[in-house]
Amino acid sequence: MRMLDGRSMAAEIGRYVVDEAERLAAAGVTPTLAVVLPTADPAAYSYAEIIERTAGKVGVHCVLHEPKGEPAAILDTIDTVAADPTVHGIIVQTPLPGGLTSREVGEHIPTAKDVDGMNPSSLGRLALGLPSFAPATAAAVVEILTRARIPMSGARVCVIGRGPVVGKPVSLLLLAEDATVTICHSRTKGLVSIAHEADIIVSATGHPRLVGAGFVRPGAAVIDVGTVVTETGQVGDVDAAAVSSVAGALTPVPGGVGPVTTMLLLRNTIRAARAA
């Protein structure tokens, strides 16, 4: 079985980001990503720090904004950042405080700066096959499959999870690669048998070790998007110990989808800066 090392793939993408950041700098442009952090959630803070640290290594300027208080104040912060011509990309960390929805927040992010595909218009453009930034986690799934040379065209793909951040957008991205996609969720009947027919399984539910060996046909590729912190550390949707004896390829947790997601946010920021 191949373990699909997201860290090494992220490093490859990072070399491209460094080169492009240097070209922009030579033209007098500093690619800048604004991270809006309206929550005191420790995991969100931790991830914001990872983004900031990674950005610094590849030549992208990262600025953290920590608005607190009423939803209106948070939206005002997003509007201020959106109007700043020196900012090229914007992401808003979740969970959001009460009184704010992802849709409302996304509508305040201009699509040209929406490097994590949070604006509903970005998802709509994705569905229509128009240029847009896809949510970075969903894009990371396709990036990993592409770099691992796992064929998507004609492949049967089972996506477990139908959320707007991963399940729906990754299904659209896979359809664009000519895959045959089945979306499964909590109401799906016969989930195990459906998954077992797939050449590729993408699981994004947040339910630890949901996907066992019985889900996986021999040789299938399994992309584990789930991340849950337990007393023993991070675990994913996939029971890696069981699945590794059956799958042909598997992303680890941690070290799989996560590092690629972070680097794609920075690559998107570069692309947004280039288009500005």
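Every residue, even glycine, has its Cβ placed from backbone N, Cα and C.
Straight from Swiss-Prot, the features:
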BINDING   Gly161, Arg162, Gly163, Ser186, Thr227  NADP(+) binding site
For NADP(+): widest Cα to Cα gap among Gly161, Arg162, Gly163, Ser186, Thr227 in Å: 18
Three-class DSSP secondary structure - Gly163 (NADP(+) binding site): coil
CB contacts for Arg162 (NADP(+) binding site) [other CB atoms within 10 A, all chains]: 17
Listed binding-site residues (Gly161, Gly163), ranked by Cβ neighbours within 10 Å, top entry: Gly161
Among Ser186, Thr227 [binding-site residues], residue with fewest other Cβ within 10 Å: Ser186
